[in-house]
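For reference, Swiss-Prot has these:
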ACT_SITE  S522  active site, proton acceptor
BINDING   D81, D123, K124, E496  Mg(2+) binding site
BINDING   C122, C201  [2Fe-2S] cluster binding site
MOD_RES   K124  N6-carboxylysine
Amino acid sequence: MPAYRSKTSTAGRNMAGARSLWRATGMKDDDFNKPIIAVVNSFTQFVPGHVHLKDLGQLVAREIEAAGGVAKEFNTIAVDDGIAMGHDGMLYSLPSRDIIADSVEYMVNAHCADAMVCISNCDKITPGMLMAAMRLNIPVIFVSGGPMEAGKTRLANPVTKAVEFKKLDLVDAMVIAADPAYSDADVAEVERSACPTCGSCSGMFTANSMNCLTEALGLSLPGNGTVVATHADREQLFKRAGSRIVELARQYYEQEDARVLPRSVGFKAFENAMTLDIAMGGSTNTILHLLAIAQEAGIDFSMNDIDRLSRVVPQLCKVAPNTNKYHIEDVHRAGGIMAILGELERAGKLHTDVPTVHAPSLGDALNQWDIVRTKDEAVRHFYMAGPAGIPTQVAFSQNTRWPSLDLDRAEGCIRSYEHAFSKEGGLAVLRGNIALDGCVVKTAGVDESILVFEGSAHVTESQDEAVENILNDKVKAGDVVIVRYEGPKGGPGMQEMLYPTSYIKSKGLGKACALLTDGRFSGGTSGLSIGHCSPEAAAGGAIGLVRDGDKIRIDIPNRTIDVLVSDEELARRREEQNAKGWKPAKARPRKVSAALKAYAKLVMSADKGAVRDLSLLDD
């Protein structure tokens, strides 16, 4: 039987000093025979997705202690990608994922915690904590702060002048601000309305995509990805996480049941998570993160697996930014992630024999939580939790219910396989001479008219140069904007390109241009935006050999992307570039700190999840 890890610092005469310090934190004699549960919070006042988490760690802690455990809370850092976007702050976003993973490892191992509850929410926090969970391999439950309510306003159409009701999110504020057809008053109205409450941004952006994927991985409770942050029902997720983690700890340490450990989910759960992501048209960042999490779990899950799944998994859900009709609150009304997983199971696309933290298997969970099949009225009531439309930064502050569930599987937010938005899913891996190790595109956000696209390269050496050229009308219809030396090494930090793609849309070029980068995209990106080009330019990738005017052909149905230049010419250019060194052709006014330089020394390209190259640490 595995010994409680905490006994390392709480048992035996020689640990009297450590016990004395534990007592100084409030522990009593009886507590030394209980599991010590780390409550890993990520509260910060910088991030709307985390601003309401301050007291929620203690909410979980009280439930842990009521269930017979000892709770010890600590915090991680959290970067807001939206606030860091468009300037050098974005260089720190992806590296923060690894800092979060390391900090959780440091705290949990240093203090010998037996299990943990991870309170996450936004872009790099959930994947960072997932990486730590797999690395540590102790019982864990994830509970997120929840999605923001969608913004809502009435705005005059700049063309028809008719006043229209609009559902909004962060991306609308960016696009409208760059569109001269809208007045300053319009921009101010959208700015004030787009992000009305606490929570992670309201579309299927990276944060919500990752929180939804924790349900598919079996590491969170049903509803974790979709109950809005403001709703009282989310409080029950926090309370149940606190009591359930004590049960899981006892199940492992006292009953030797290793099925409760995060690594036990195995390859099948990673396939389920990616299948869900493809079916719901999630953020391309999830590919980066799942690859990294799988490496921490010691699971051989690769771009080849993602490519294979993308060809056979249907798109069953379409949410902002891929449509302005639905946001995460609408996914919840349609039955949430369990409903999408239920449709995937009926389509024969899901492994149901994987464990979860709340049911013996995913199949058992679906029998209770899939609203199409459940007989539990409490489950149906749960999925009627909706937005209140009241601006607030307070969690659990409203109890609004939708008047009905969205059970329309033909034309609703979630579709059945027979009525899928498309028979192929919302994400695709492309390969070709410009991306030998692959690149990714969110096909859910690409108009059908440009699924096959050939255009002329418009080469830029940074995101800043790309933005300047787009705003100054140097980018024309038919261009493929190349943004290079923005990969994990080249940035460093692999910046998100939400501003360039938003400005392309605001210029009316959303269906007339493509953008290719070795950087990445915000989950809020749509259009023909292709990222994670691997190898990246700084690692000698062919994206660094493209020149202005080169023809580039993109063929999403056939999963190819090529620069239409002969192999001989590419070889000649490579010799030239080897002599010059793989660095931007133009100087960039970019301050790269020692911390970022250290990150760049170890990081690998996006096709490996932008994780550290641990071989460089071998003796």
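Including glycine, each Cβ sits where the backbone N, Cα and C put it.
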Point to revise | Helix, strand or coil at D81 (Mg(2+) binding site) [DSSP, three-state] | key: helix
Review point. binding-site residues D81, D123, K124, C201, E496: which have a Cα within 10 Å of the residue listed as 'active site, proton acceptor'?
Key: D81, D123, E496
Exercise for review: Taking only the Cα atoms, work out how far C201 ([2Fe-2S] cluster binding site) lies from D81 (Mg(2+) binding site), in Å, as a whole number.
Suggested key: 11
Review point. CB neighbours of C201 ([2Fe-2S] cluster binding site) within 10 A?
Key: 32
Study note, to complete from the structure: For Mg(2+), residues beyond D81, D123, K124, E496 with C-beta within 8 angstroms of the site's Cβ centre include exactly V79, A84, M90, S93, L94, C122, T206, A207, N285, S522
Point to revise | Three-class DSSP secondary structure - C201 ([2Fe-2S] cluster binding site) | key: coil
Practice item. Tally every other Cβ atom lying within 10 Å of the Cβ atom of the residue listed as 'active site, proton acceptor'. Key: 30
**Study point:** D123 (Mg(2+) binding site), number of other Cβ atoms within 10 Å
**Key:** 33
**Study point:** Distance from C122 ([2Fe-2S] cluster binding site) back to D81 (Mg(2+) binding site), taken between C-alpha atoms, in Å
**Key:** 9
Study note, to complete from the structure: Other C-beta atoms within 10 angstroms of the C-beta of K124 (Mg(2+) binding site) total 29
Point to revise | Spatial separation of E496 (Mg(2+) binding site) from C122 ([2Fe-2S] cluster binding site) - C-alpha basis, Å | key: 15
